[in-house]
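The region 'Disordered' feature in TrEMBL is assigned to B:1-40. Here TrEMBL flags B:1-11 as compositional bias 'Basic and acidic residues'. Feature annotation from TrEMBL assigns transmembrane segment to B:61-83, B:127-150, B:162-182, B:188-205, B:236-257, B:294-312. The domain 'ABC transmembrane type-1' annotation in TrEMBL covers B:127-312.
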Amino acid sequence: MTEYLVRRFIQSLIVMFLISIVTFGLIHAAPGGPTQIFLSPGLSQEAAKAQAHNLGLDRPLPLQYLKWLGGFLQGDLGYTFKNHLPVGQILWPTVGHTMVLMGTSWLLSLFIAIPWGIYNSTKAYGWSDQTASFISYVGFAMPTFWFGILLQELFALKLNWLPLSDMWAIDKEGQIGDLLLHLVLPVSVLTLGFLAGYVKYARTSMLEVLEQDYIRTARAKGVRESRVIYRHGLRNALIPIITIIGLDLPILVSGAALTENVFNWPGMGRLFVEMALAREYSVLMAITIVTAVLVIVGNFIADLLYALVDPRVQLGRKGGTAA
Amino acid sequence: MNEATTQERQHAAAVEPGWSNRNEGAAVSKSQSGVRLSGKLPKRPPGLWRTGINKFRRNPYAVAGLFVLILFIALAALAHYIAPYDPARIDLLNADAPPGTGNHLLGTDELGRDIWSRLLFSGQVSLSVGFAVAFVSVLIGTLVGSISGYFGGWIDAILMRLVDVMNAVPLLFLNILILAIFGSKFSYMILVLAFTSWMGVARLVRGTFLQLREMQYVEAARAIGVSNTGIIVRHLLRNATVPIIVTATLMVGGAILSESALSYLGLGIQSPDTSWGLMLSNAQEFMLLDPLQALYPGMCILIVVLAVNFVGDGIRDALDPRKQPVAERRRWSAWSRFLRSRT
């Protein structure tokens, strides 16, 4: 077990290292390189050189990379080029906002999807199952941001029941009731998207278990049907479900670039798009690395959860199980 | 033996006498002319593809999906002849015309551009992105997966770490980053989207190869001196054809969704070109004035992707004889993972 943990940890470090190199390399591969984009326009050649020197842009790339990495590891995410603000100051609040939005949607969709999917597996191809199927197919084929725009048109503009966008009304910043009102529309959009997958996933996981021999044995020896399903079936069906929940943990932070843009939600996804259009590369790098770290941590947790709920799995022997 | 592969099964069926099928009449006359035996004849089995097509035809969703898809492709391909207006032609005098005004079937947008014409031309862009991305990413994925699965060892280790890296970066972010750096061009977009969606195919092909490369027929092929390329292409890849095709169809839908998302964010197709995603971002700006504008492009995306997915499911059901929930669960999880990276 310890050996496995250490190996996984080292693997993760290598992956992280590669990601940081790729991101850094991509940014410096930009036509003209950051030198041209970051320097103020209209400078004389001399002044431009001086500014490049001040920003450290005239040093060789590997050195720049090491300096950036060193700073990053100490929590210094760098500065924006436009107003010279610390990146951390811009980034961390948006992480929180994204987590509020994604966390609500994610938990809501899990709470609906898992019981529903399990119910559907016991009545496969019944009307409830067909409804779930319909929702899944439509949810999968529909651009989420389009659904968001339609909801805005209907509930915010036409009926005027809910706020159109943003996280708080201007004069009500920090009020929880106002936040809830603003959450309704984006959460509905995201929940539908997540629901589409989870319902089907829960259903098929459960169906798979219900076909096993031990279920037949339980039925044959006269165990009550409800007990067969909830005690013999459900406990085993939860294993893959828990695994996928672990694997999806990172969506808490890396998700909703599109939904955030539709609803003008001040989260990390919107920040990323905004900064990409403004070419604020230090912010982009920070976001990419931070989300990548969280994705890797999520995968790691998924593996551990997997071993925890399924006694058949022995992490050390099987190698990278769920990842 | 449940590890019998498609090929082997086909082979076994071919030598087994007395095989019968639904198209008995046609098969009899064919083999009779060739073999000339009297009495009951061993008929050629219909084979994987024939059976598949028959099964596909009996699936109403798949047939409907295919029909809709062909209709959309035809409309997009003939956009030049069907569209009443140049999609980029600005006509401020007739801006914001409601549907049915004059020659404007669906009205005009805030610059007086004909919405119906724009939808048709957008279809061209979206569909070609969809198919091109699916094609390129299947190519990349197959190449990486074959090399990784066939040679194994350190090559496999390196390539799989690459897959890990790609899977750990949020893909929508990566797309945005690359397009922001290199600029949005039609060809870039296809490459960028393909470059970020080949990992599924690579894993699939690698898995199949790992399973099959120890099979005796591969050993036999190697013994009689078939080259590595020959074994990979003829003996291993052919057994992965069906799952690759199924994944590819699903990828078409995914790419169309991704394209619309990027164009919506302003990082994809740029004006004066047009795509459904771009039309949506435009519609959102003017939704107070003209709420209907957002409806059409979104409906087009929904219908096309739905159709592609139905066709993909139909192909899977028709060609993949395994009807296990495992396979189905894996597919749903792959799709939803993809979808979650594009919310």
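Note: Cβ is positioned from N, Cα and C throughout, glycine not excepted.
All annotation found in TrEMBL is predicted automatically rather than curated by experts.
Since this is a predicted model, take the numbers as computed values, not measurements.
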Remote residues contacting the transmembrane segment (B:127-150) - C-beta distance under 8 A, at least 6 residues beyond either end:
72-73, 76, 156, 159-160, 162-163, 186, 189-191, 193-195, 197-210, 213, 228, 231-232, 236-237, 240, 244, 247-249, 251-253, 255-256, 258-259, 275, 304, 308
Within the same chain, where does the transmembrane segment (B:61-83) have neighbours whose Cβ lies under 8 angstroms from its own Cβ atoms, ignoring anything closer than 6 residues to its ends? I mean 6 or more beyond.
114, 116-117, 120-121, 123-124, 127, 300, 303-304, 306-311, 313-315, 317-318
What parts of the chain pack near the transmembrane segment (B:188-205), using Cβ distances under 8 Å and only residues at least 6 beyond its ends?
129, 132-133, 136-138, 140-142, 144-146, 148-149, 159, 163, 166-167, 171, 174-175, 178-179, 182, 237, 240, 243-244, 247-248, 251, 254-255, 258-259, 262, 268-269, 334
